[in-house]
Amino acid sequence: MKNVLPPFIEIYRALIATPSISATEESLDQSNASLITLLAGWFSDLGFNVEVQPVPGTRNKFNMLASTGHGAGGLLLTGHTDTVPFDDGRWTRDPFTLTEHDNKLYGLGTADMKGFFAFILDALRDVDVTKLKKPLYILATADEETSMAGARYFSKTTALRPDCAIIGEPTSLQPIRAHKGHISNVVRVLGQSGHSSDPARGVNAIELMHDAIGHIMQLRDSLKARYHYEAFTVPYPTLNLGHIHGGDASNRICACCELHMDIRPLPGMTLNDLNGLLNDALAPVSERWPGRLTVAELHPPIPGYECPPDHQLVEVVEKLLGTKTDVVNYCTEAPFMQTLCPTLVLGPGSINQAHQPDEYLETRFIKPTRELITQVVHHFCWH
């Protein structure tokens, strides 16, 4: 019942006080079950039907889908329930206590992005959801900060096909209609160890990796020359060498060397094509040294994403906000939601505060975000 729904700031406070960290390191990783229970209770109080979905392959993680209304189409509002880990020594405040100071709300997840659910709940407390003419769906996903397992699983298993979706990531209320993808790979070279006094008796993995890196750099230059999307601030696919490790002693021929790298493809570039380009680039090394070079995924790949610029969702949101949609270089769950329906990324707070010590959301976003949610629900679910 709506009269038992807590005030906006208390909802926000409860969300921040409920840890839901995602991490690849098991000791840091946390279940989001408690947070899902909170959200499920609140949306039930608003009259929504609530379904909690276990996400396979995770450490006790769940999605939640709250729905109201009947028929086809409608609107999906979605976001992730998890946060990144925090560096205790760099925070000046308790990350799990919502702190109001200097027109800012501080806490882990205030901007990225647990707070978005407080905005949705607050905007809907005055809406009679029984009178909506089209369905309204609220999706809370798991593990966005690591594998995006929640969004991947939901998009593969749901039969829902809303008219459109909005992901409430922190965009400073600037609507985003496209972003790059992300592919992270590990290149491994297996050499043959031996005493450094006789190099011919071994195969130095560092030397082979040096050769491989030269070919990878040629691929980087080729991607920059062949592909272009003017709307992006970095208008070409980027390739970054992020981490390398090999060997264990100066007087020993290096037996193993490992390189971690990523590629951020433009929308429209297929992941299979990029994998093919990387394998082609490394083919000369593999041919010279059969069986000594392998490439594997570090994390599941994320494709690039683009919402058609002439879609009704883009037109409506641009009109409501009085601003044009934009594109960004970072990734969200949008590619997976886009398989269900046209999707925009649009939410309160700045991406510059995401993953930072003393994360905060400026209070100036509160009123316009509440108004925006009310307006898009009215447009897509009442008309």
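Backbone N, Cα and C atoms are what each Cβ position is placed from, and that goes for glycine too.
Per Swiss-Prot, the Zn(2+) 1 site holds HIS80, GLU169; the candidate it also names there, chosen from ASP45, ASP112, ASP128, is ASP112. Cross-referencing HIS260, HIS299, HIS311, HIS355 against the Zn(2+) 2 binding annotation in Swiss-Prot, which names ASP112, GLU145, picks out HIS355. Between the CA atoms of ASP82 (active site) and HIS355 (Zn(2+) 2 binding site) there is a gap of 12 Å, rounded to the nearest whole number. Other than the site residues HIS80, ASP112, GLU169, same-chain residues with C-beta atoms no more than 8 angstroms from the centre of those residues' C-beta atoms, the Zn(2+) 1 site, are GLY79, MET113, PHE116, GLU144, GLU145, ILE167, GLY168, PRO170, THR332, GLY347, ALA354.
Look at GLU169 (Zn(2+) 1 binding site): DSSP puts it in coil.
Of all the recorded positions in the record (GLU144, GLU145, HIS355), the one with the smallest CA separation from ASP112 (Zn(2+) 1 binding site) is HIS355. Least crowded of the recorded positions (ASP82, ASP112, GLU144, GLU169), judged by neighbouring Cβ atoms within 10 Å of its own Cβ: GLU144.
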